[in-house]
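What follows is a single structure, written as structure tokens, with notes after it.
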Amino acid sequence: MLTAYPVHDIRRLETAAIDADPAQDLMQQAAGAVAAVAAEELARRRGRVYGARVLILVGGGNNGGDALFAGARLARRGARVIALGLLGTPHPGGLAALLAAGGRLLDQDQLGQVDLDGFDLGLDGVLGIGGRPGLPDQVAEIARRLDECDVPVVAVDLPSGVDADTGAVPSAAVRATVTVSFGAAKLCEVIEPAKGNCGRIVRIDLGFRPDNAVTAIDVLDEVDLARRWPYPDARSSKYTRGVVGIDAGSTQYPGAGILATHGAVFSGAGMVRFHGGEEARRVLTGALPNVVYAEGRVQAMLYGSGWGDRSDGAEVISRGLDSGLPGVVDADGLQRLPSRGMSADWLLTPHAGELARLLGCDRSEVEADPLTAAHRGADRTGATVLLKGSTQIVAQPGRRSALIAVGGPAWTAQAGSGDVLAGICTTLLAAGVPAQLAGALAASVQAVAAASLPGPVPPQRLAEQVAIVLGRLQPQPPYEVDHEIGRSGDDHGAGRR
Ligand SMILES: NC(=O)C1=CN([C@@H]2O[C@H](COP(=O)(O)OP(=O)(O)OC[C@H]3O[C@@H](n4cnc5c(N)ncnc54)[C@H](O)[C@@H]3O)[C@@H](O)[C@H]2O)[C@@H](O)CC1
Ligand SMILES: Nc1ncnc2c1ncn2[C@@H]1O[C@H](COP(=O)(O)OP(=O)(O)O)[C@@H](O)[C@H]1O
Ligand SMILES: [K+]
């Protein structure tokens, strides 16, 4: 699991690392790492560093200092390095090192002297964690031109212009080929759209020790998925595995109930009770005869997928809340949440458009800053929110931490995937997994299942793949091997030749 932090926590981790070893020179370590990554990039593209043309974009802070010291190292290896001083005064020590190594400094007025197309590599040292999102127009124009000319860019610590704290890209920002990130991961590395500006990420250990910051964002990987999934064991029964109740679909959208049921069954529900319409029942009876239609005990409920304009939706959800059981509200149910507020044990599964409607804002606002939107959704409703999309974020009401699920291929975004996902979420709630972890595990397993396939498949097939992936990931118990059994003792070996 990777943990990402907002800037104020990163500064705190940095201070602790410096206090622990005051003699270390973090800037030189950072510069050394940037130079090494830049050299690798140059070697890959043109065979060697010697003679390469390198442009450094230099801001007025320590980020520019890192870039200048890195540039000095490249200049000492024979690169022709030009630094463009863009914001404020360049770091004096870094500049002196670059000039001593044979590099040059140009200011913005001399930009006309350089042909951006002719550079083999750019180093982005405009802004680091001290940067406010956005770039002044002239800097934005240079960043845009480098991108247009396909000049590879190595970003120092983060791509300048992104919002390091949210992953938003409110206006212009550098698009990096590689980002050399120092110490701890920043939120912009793990949340779209900023994640897309980072390119490949190379993390450099500067001795920062992770801690349990209340604002930390945990990004799950396959190992976490396998470790945290509630696999049944010898003591399990269908009730400990969990009974899922599904009230989804409608005459207009019968498929949603069918797909949600596939999600619940193939993610390992102990039993599924289907409370949706007749059309869906007829299909399910043939496709999944294990599904039960009788009323009875359930341990978690799903509401809302494919409800359309169902008029009694708000009362149905309200009664579900009164029951004290955990529940999932998806799709059309999200517009029918009771005004008295929800419970953090409940999971809402909106995509950006649905969350925008809940918040009364534009979809673009949610897409531009999904982390903030997910937190607002949780605070506004009182429920846990799984915001779906290319970054799948699970936020809880009143908490600034969040979980991010494993990311999947973009083709997962298809009608019906959300219904399957809602069914998987409900299986996990029924098995007793808390809502935030349930949302993150469900979104992760769907993403891993999709990634394990060669290409797009319909959502019911994706649900089946979830079962295959869960089987593959299941940790094997550490069986004691009894070497005596089967060894050729007098009795056992008698019949063998
Ligand atoms: N503190 C440490 O221990 C280390 C810091 N390092 C580097 O230091 C960086 C942080 O340095 P700083 O705190 O100096 O911050 P930055 O280098 O990010 O720059 C901050 C400066 O830019 C200006 N500025 C911010 N946003 C702007 C915008 N949108 N438009 C125009 N000007 C803007 C600010 O007014 C300030 O002068 C890190 O990202 C990293 O690269 C590394 O050397 C490793 C160690
Ligand atoms: N660009 C993307 N890249 C990867 N996964 C995505 C992307 N967009 C959506 N997803 C995922 O695909 C699934 C489809 O969700 P959704 O759009 O809500 O489907 P539906 O419309 O059927 O409800 C979700 O798990 C979501 O997080
Ligand atoms: K930068």
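Every residue, even glycine, has its Cβ placed from backbone N, Cα and C.
Automated prediction, rather than curation, is the source of TrEMBL annotations.
Keep in mind that this is a model prediction, so the values were computed, not measured.
Feature annotations, courtesy of TrEMBL:
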- 10-214: domain 'YjeF N-terminal' (DOMAIN)
- 221-473: domain 'YjeF C-terminal' (DOMAIN)
- A256, G306, H351, D419: (6S)-NADPHX binding site (BINDING)
- G418: AMP binding site (BINDING)
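Around D419 ((6S)-NADPHX binding site), taking its Cβ as the centre, 31 other Cβ atoms fall within 10 Å, counting all chains.
In the vicinity of ligand 2, defined as a Cβ distance under 6 Å, the following of the binding-site residues A256, G306, H351, G418 are placed: H351, G418.
For the binding-site residues G306, G418, the ranking by surrounding Cβ atoms (within 10 Å, all protein chains) places G306 first. A coil conformation is recorded for H351 ((6S)-NADPHX binding site) in the three-state DSSP classification, outside any helix or strand.
Maximum intra-site Cα distance, (6S)-NADPHX binding residues A256, G306, H351, D419: 15 Å. Across the structure, G306 ((6S)-NADPHX binding site) and G418 (AMP binding site) are spaced 10 Å apart at their Cα atoms. Cα spacing between H351 ((6S)-NADPHX binding site) and G418 (AMP binding site): 9 Å, rounded to the nearest whole number. For the recorded (6S)-NADPHX site, residues A256, G306, H351, D419 set the reference point as the centre of their Cβ atoms, and the other residues of that chain within 8 Å of it by Cβ are A248, Y253, L259, A260, G304, S305, D330, A331, D332, A415, G416, G418, A422.
Residues within less than 8 Å, Cβ to Cβ, of A256 ((6S)-NADPHX binding site) and separated from it by at least 6 positions along the same chain comprise A248, G249, S250, S305, G306, W307, A331, G416, D419. Secondary structure at G306 ((6S)-NADPHX binding site), taken from DSSP and collapsed to helix, strand or coil, is coil. Using a 10 Å Cβ-Cβ cutoff, H351 ((6S)-NADPHX binding site) registers 20 neighbours.
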